[in-house]
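Worksheet for the structure shown next.
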Amino acid sequence: VICYRKYTNNVKTCPDGENVCYTKMWCDGFCTSRGKVVELGCAATCPIRKPGNEVKCCSTNKCNHPPKRKKRRP
């Protein structure tokens, strides 16, 4: 399976045994100014969701699209 791995159109073919694409999002100390931290990648199984985190998993090529960022005000 092919998954996105950064906030660009940067994709990679997952290693053997990793057939799930995931998107993990959470807030850090800069959440109010920068938005949520986003991690994209491949895994053998869907990562476990921790309190305060969002996790989305899928298993088709390029299915973990990077979320759209809000536009900054000038």
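Residue numbering: from 1, along the chain as shown.
Each residue, glycine too, has its Cβ placed from N, Cα and C.
What Swiss-Prot lists as disulfide bond is CYS3-CYS21 (among others), and the listing cites similarity to another entry. CYS21 (disulfide bond) falls within a strand when secondary structure is assigned with DSSP.
Per Swiss-Prot, disulfide bond is recorded for CYS14-CYS42 (among others). The Cβ of CYS14 (disulfide bond) has 19 other Cβ atoms within 10 Å, all protein chains considered.
What Swiss-Prot lists as disulfide bond is CYS27-CYS31 (among others). Cβ-based neighbour count (10 Å, all protein chains) for CYS31 (disulfide bond) stands at 11.
Under the heading disulfide bond, Swiss-Prot lists CYS46-CYS57 (among others). Packing around CYS46 (disulfide bond) is summarised by its Cβ count: 15 other Cβ atoms lie within 10 angstroms of its Cβ, all protein chains included. For the recorded site, CYS46 (disulfide bond), the DSSP three-state label reads coil.
Annotated disulfide bond per Swiss-Prot: CYS58-CYS63 (among others), in sequence order. DSSP assigns CYS63 (disulfide bond) to coil in the three-state reduction, placing it in neither a helix nor a strand. Remark: CYS63 (disulfide bond) has CYS3, CYS21 as non-local neighbours, by Cβ distance under 8 Å and separation of at least 6 in sequence.
Closest in space to CYS14 (disulfide bond), of the disulfide-bonded residues given as CYS27, CYS31, CYS58, is CYS58, taking the CA atom of each residue. Checked against CYS57 (disulfide bond) by C-alpha proximity, the disulfide-bonded residues CYS27, CYS31, CYS42 yield CYS42 as the nearest. In sequence order, LYS36, VAL37, GLY52 are the residues of the chain that are 6 or more apart from CYS27 (disulfide bond) and have a CB within less than 8 Å of its CB.
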